[in-house]
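Trainee: Got a structure for you, questions after.
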């Protein structure tokens with residue numbers, strides 16, 4: 001009985017960790033450097049910048065720690 005409870009708790013913990021690893025933050029930035037600073041401050045491992053309209057950039061920060 002105790003081993004089943006421990007296994008269930010481990011499975012729940014692993015699901016929570018996977019969800020946190022895939023956390024995504026978006027923000028509007030002025031340029032790529034601003035985007036890089038924003039993602040770094042959130043503790044993100046990856047970033048992607050895309051230009052929405054000429055002066056505006058959208059920053060996608062991927063795999064962030066909370």
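The backbone N, Cα and C atoms fix where each Cβ goes, and this holds for glycine too.
Not my notes, these are from Swiss-Prot:
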- 1-21: signal peptide (SIGNAL)
- 29-49: disulfide bond (DISULFID)
- 35-59: disulfide bond (DISULFID)
- 39-61: disulfide bond (DISULFID)
- 44-64: disulfide bond (DISULFID)
Trainee: Taking the Cα atoms as reference points, how far is residue 59 (disulfide bond) from residue 39 (disulfide bond) in Å?
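Mentor: Rounded to a whole number, the Cα-Cα distance is 8 Å.
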Trainee: Looking only at 39, 49, 61, the disulfide-bonded residues on record, which one has the least crowded Cβ, with the fewest other Cβ atoms within 10 Å?
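Mentor: So among 39, 49, 61, the disulfide-bonded residues given, the one with the fewest Cβ atoms within 10 Å is 49.
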Trainee: Taking the Cβ of each of the disulfide-bonded residues and counting other Cβ atoms inside 10 Å, which one has the highest number: 29, 44, 59, 64?
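Mentor: Its Cβ has the most other Cβ atoms within 10 Å: 59.
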Trainee: By CA-CA distance, flag whichever of 29, 49, 64 among the disulfide-bonded residues is nearest to residue 39 (disulfide bond).
Mentor: 64
Trainee: Can you figure out which of 29, 35, 61 (the disulfide-bonded residues) comes closest in space to residue 44 (disulfide bond), comparing Cα atoms?
Mentor: 61
Trainee: Using Cβ-Cβ distances, find the residues under 8 Å from residue 35 (disulfide bond) that belong to the same chain and are at least 6 apart in sequence, listing them in sequence order.
Mentor: 27, 29, 47, 49, 57, 59
Trainee: Through the lens of DSSP with three states only, how would you label residue 39 (disulfide bond)?
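Mentor: Looking at the DSSP assignment, residue 39 (disulfide bond) belongs to a helix.
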